[in-house]
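What follows is a short report on a single structure.
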Amino acid sequence: MVHLKALASGTLFASLASSAVISRQAAASINDAFVAHGKKYFGTCSDQALLQNSQNEAIVRADFGQLTPENSMKWDALEPSQGSFSFAGADFLADYAKTNNKLVRGHTLVWHSQLPSWVQGITDKDTLTEVIKNHITTIMQRYKGQIYAWDVVNEIFDEDGTLRDSVFSQVLGEDFVRIAFETAREADPNAKLYINDYNLDSADYAKTKGMVSYVKKWLDAGVPIDGIVSLLPPRDEGLTSCTALTALASTGVSEVAVTELDIEGASSESYLEVVNACLDVSSCVGITVWGVSDKDSWRSSTSPLLFDSNYQAKDAYNAIIDAL
């Protein structure tokens with residue numbers, strides 16, 4: 001079991017607390033340090049506008065080893081009308097990642113939100129099946145060999161662990177999951193295929209138990225699910241990240257990962273707990289924080305990220321670097 005240096009000691013903790021912002025250690029890369037501990041990446045989300053912001057881009061290039069498109073690969077961005085695809089934003093991110101030697105996590109293929117009305121209005125099983133297959137195949141074949149992993153289905157569970165009510169579950173039942181994963185495997189056999197959801201930060205949650213139960217069943221039925229991604233919560237309160245990741249790994253998937261990580265207040269202790277959890281679970285391949293700077297966060301008022309609104313490294317960033 002690997003553990004980072006604890007922050008419980010009074011001297012170190014007082015030192016961190018004494019400064020609101022500690023200047024970034026120029027020689028350090030949080031990705032390189034994490035990979036040195038046997039992981040694949042420490043990543044962030046981005047898109048064209050953020051990558052064209054010189055301050056943001058410099059940090060992405062120097063510190064992070066993986067990129068997840070924040071919005072440019074969602075259904076409404078890629079296929080706003082049936083059969084009409086718009087790849088400009090997604091191409092920009094994929095090209096940037098290739099040029100700068102970054103892994104890419106494709107996000108996301110099937111999701112109930114940011115879904116065009118033309119998809120939401122489908123009521124026929126055969127029609128929806130073909131729409132899902134065409135959407136996944138077109139996108140994945142375009143980026144075949146460029147995407148390390150895809151979030152194939154996203155946020156499909158309710159808090160009680162049952163399937164969320166969506167056009168996909170209404171029309172196809174749970175079979176939409178099989179359809180999506182089998183289509184994705186055929187489109188790019190080498191990409192890792194993930195199921196992604198939030199509020200999986202405790203093994204005791206009904207949602208976590210539901211995820212574990214369904215994934216075990218789908219794997220037993222031959223559905224090609226490679227991994228589970230946990231969207232850890234945007235708050236600062238007694239996380240139980242390690243036991244939760246262990247529970248997800250127990251399903252039999254080959255990989256688990258943490259994504260969309262932003263913690264309200266960005267305390268060093270909470271960020272270190274998540275990092276330690278991933279280090280302690282051998283199948284956890286990486287962590288993705290949901291943005292670079294608080295300025296650009298969708299939750300900017302809660303200051304949840306590793307860099308402040310002036311693009312300066314915060315205590316949590318430096319604590320991770322120091323500990324790794």
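Placed from the backbone N, Cα and C atoms, the Cβ positions cover glycine too.
According to Swiss-Prot, the feature signal peptide maps to 1-19.
The domain 'GH10' annotation in Swiss-Prot covers 45-323 and rests on sequence analysis.
The active site, proton donor annotation in Swiss-Prot covers E155 and rests on similarity to another entry. In the three-state DSSP assignment, the secondary structure recorded for E155 (active site, proton donor) is coil.
The 10 Å shell around the Cβ of E260 (active site, nucleophile) contains 21 further Cβ atoms across the protein chains shown. Per Swiss-Prot, active site, nucleophile is recorded for E260, and the stated evidence type is similarity to another entry.
Secondary structure at C284 (disulfide bond), taken from DSSP and collapsed to helix, strand or coil, is strand. Among the features that Swiss-Prot reports, disulfide bond is placed at C278-C284.
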Other than its own, how many Cβ atoms are within 10 Å of the Cβ belonging to E155 (active site, proton donor)?
19
Between E155 (active site, proton donor) and C284 (disulfide bond), how far is it from one CA atom to the other, in Å?
19
Counting every protein chain present, what is the number of Cβ atoms, excluding its own, within 10 Å of the Cβ of C284 (disulfide bond)?
25
Three-state secondary structure, C278 (disulfide bond) (per DSSP):
helix
